[in-house]
Amino acid sequence: MTTPATATAPTADALSIDIGRVLNRLRSAAPRVHCLTNAVAQAFTANVLLALGAIPSMTLAAEEVPAFAASADAILVNLGTLDESRRTAFALGLEVAEATGKPWVLDPVFVDRSPPRLALARDLAARRPSLLKVNAGELAALGGAEALAGVPLAVTGPVDLVQVGARTLRLANGHPMMGRVTATGCAAGAVLGACLAVEPDPLLAAAAGLSFVAIAGELAARSAAGPGSFVPLFLDALHALDAASLGQHLRLA
Amino acid sequence: MTTPATATAPTADALSIDIGRVLNRLRSAAPRVHCLTNAVAQAFTANVLLALGAIPSMTLAAEEVPAFAASADAILVNLGTLDESRRTAFALGLEVAEATGKPWVLDPVFVDRSPPRLALARDLAARRPSLLKVNAGELAALGGAEALAGVPLAVTGPVDLVQVGARTLRLANGHPMMGRVTATGCAAGAVLGACLAVEPDPLLAAAAGLSFVAIAGELAARSAAGPGSFVPLFLDALHALDAASLGQHLRLA
Amino acid sequence: MTTPATATAPTADALSIDIGRVLNRLRSAAPRVHCLTNAVAQAFTANVLLALGAIPSMTLAAEEVPAFAASADAILVNLGTLDESRRTAFALGLEVAEATGKPWVLDPVFVDRSPPRLALARDLAARRPSLLKVNAGELAALGGAEALAGVPLAVTGPVDLVQVGARTLRLANGHPMMGRVTATGCAAGAVLGACLAVEPDPLLAAAAGLSFVAIAGELAARSAAGPGSFVPLFLDALHALDAASLGQHLRLA
């Protein structure tokens, strides 16, 4: 809200240095991300966080979420497979996030396909997530960026857009193969949480997290014979990612 | 029920052309399969559908199933990990299937090991699934083909049998390695749903779906060093499958 | 409790012969392990058991656990993602274990991070699991080995310790890469169950199960480019494991 109305966009070289520092801090700090996420994404999300150097925790049990959230460095709220136990877990996790100022990411997956999910997503977006991760369809269902004024946005697509107040970045990495593997987007939400745990500026945290995932995806897709072999290559690429490869591969649009 | 009492079985060449057309239609239409499936199979099933060219959705939440099922092209009802939330989801999904005439697949996994599962499977089979996918043990627990008259059957085993009224097909592809990886059978049920979404004849849809999975499994097992490397190879093979490879590899028994 | 106060520790050669026999019996018997385990670990645990030659079952549904547990050869109780349905499933599974004398493994994962999990773990440990699998942090949270007198312990770490009464073994296999993949420890708990199903001495069963996992992990890590490629290599290595490779690789500390 207090960002300048105009801001000079960084070059890819300058940005890659900044996100390389985020990666190094992430590796040193090994932040814990408590993931309140959907049933399909849980195992892959845990493996993505571990490969990158963060620590996942995953319980949704009402009696456990407060303690796990309180000791986590960031919280992910992913609205997939939205059952009663997840609704309760979200409420408990957000109480902790709001009481402690801990960063949290909202990922309203498929909000465009489910009216109760849309209603919940609107309520949660109004509670000002540190980042709201959406694709174009989900953003439209939520009323567009205008309806979400004040919420830092990470809008994924062929070009990823990060928008925080008047500041925007457009990131051009990624590969269509990522859409042929379930939960890559959901796991990216958890990576955004890990970045927010070590980088307070949501613009830079979002650019870092989206780039880590998109560049690892690009590198994996180069060697993959299909979506099956993509998965281990993607996790290996996240694990091997470093400032030099970010500098070499980061592209802005 | 109205199929002729006798029918000439197709040759492998003729059948491979027909199922190649099903595959091409599946790739063009990218049908969405709403999978009401067990906890162990969810992520792998999603990846199998994506690799083949279909779109998975997975929520079991009571308030979400009606909308997801209504916008899906087929519904999978898999009885593994049969908790209360799944029972409710099945009831809601079947209401949609019956109201709309949408195809649905019933997979009563391990029905031979769990009395409450058997009771539910009998009730659901009586509601005439578009295809009932079983192995020999599950079929026996349900009383055999005679007890299921009028229900199109896809019976998996070393030789897969498809039986729709008086018409039958015996398919001889597959590999034992598939039994060393969890959820390959459950994922096959979802593939049957995707085929029913683009092919109204259950005999042909079942032959197509079972063959896609069994041929991809065979090709993957050739290169796999074990059940671990089998998984990415299997997904890659599903993704690469085309009419030519179906023609080359389809075997009837 | 009745083990001798002193016992001569076996050499690696002697132990490798004994655990090779456990592996051969496991492969012949193909024991079924009913896994009451956390949501993140379910699919990977099933694949680990299948790769090794055991048979997983996984349902948590209250009406199904008694029949599945009664027909299983061992039961795993893993406290991750500790929701109400899991608490109920544990109670039902343990009733069966206690009534039948079936072996069961308790894995109180992250018990050091969640007070309700700790309370439950204490109650369950008092019911004398056939093996209690913990890491150092979890063991400390439970009061240390003294507080658990009479419970056979499998304590994982850079060196794995097995302690049954006065008998102890220290196993030095393993690789740090295993900590970068989710659920390797949870899956090891299921492997311990499979070993207890074919080997009544908990010291030998624990040494076998921990060694199978640690040696397969070591072999996989040699060829892995990262935690992604580690997973298929690890499952392949479990599948390929034999008495000769155990003899070649087993290390005591």
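Note: Cβ is positioned from N, Cα and C throughout, glycine not excepted.
Values in this document were obtained by computation on a predicted structure and should not be read as measured data.
As written in TrEMBL, here are the features:
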| type | residues | note |
| --- | --- | --- |
| BINDING | C:Met58, C:Ala183 | substrate binding site |
| BINDING | C:Lys133, C:Thr156 | ATP binding site |
List of the binding-site residues C:Met58, C:Lys133, C:Thr156, C:Ala183 facing chain A, defined by a Cβ pair under 8 Å: C:Ala183
Pairwise CA distance, C:Lys133 (ATP binding site) versus C:Ala183 (substrate binding site), rounded so that it is a whole Å: 14
Proximal to chain B - binding-site residues among C:Lys133, C:Thr156, C:Ala183, CB under 8 Å: none
DSSP-derived structure type at C:Met58 (substrate binding site), helix or strand or else coil: coil
Proximal but sequence-remote residues of the same chain as C:Met58 (substrate binding site) (Cβ under 8 Å, at least 6 apart): C:His34, C:Cys35, C:Thr37, C:Gln42, C:Thr45, C:Ala46
Rounded to the nearest Å - Cα separation of C:Thr156 (ATP binding site) and C:Ala183 (substrate binding site): 14
Nonlocal residues around C:Ala183 (substrate binding site), in sequence order (Cβ under 8 Å, 6 or more apart): C:Val40, C:Ala41, C:Phe44, C:Thr45
C:Ala183 (substrate binding site) in three-state DSSP notation: coil
In three-state DSSP terms, the structure that C:Lys133 (ATP binding site) belongs to: strand
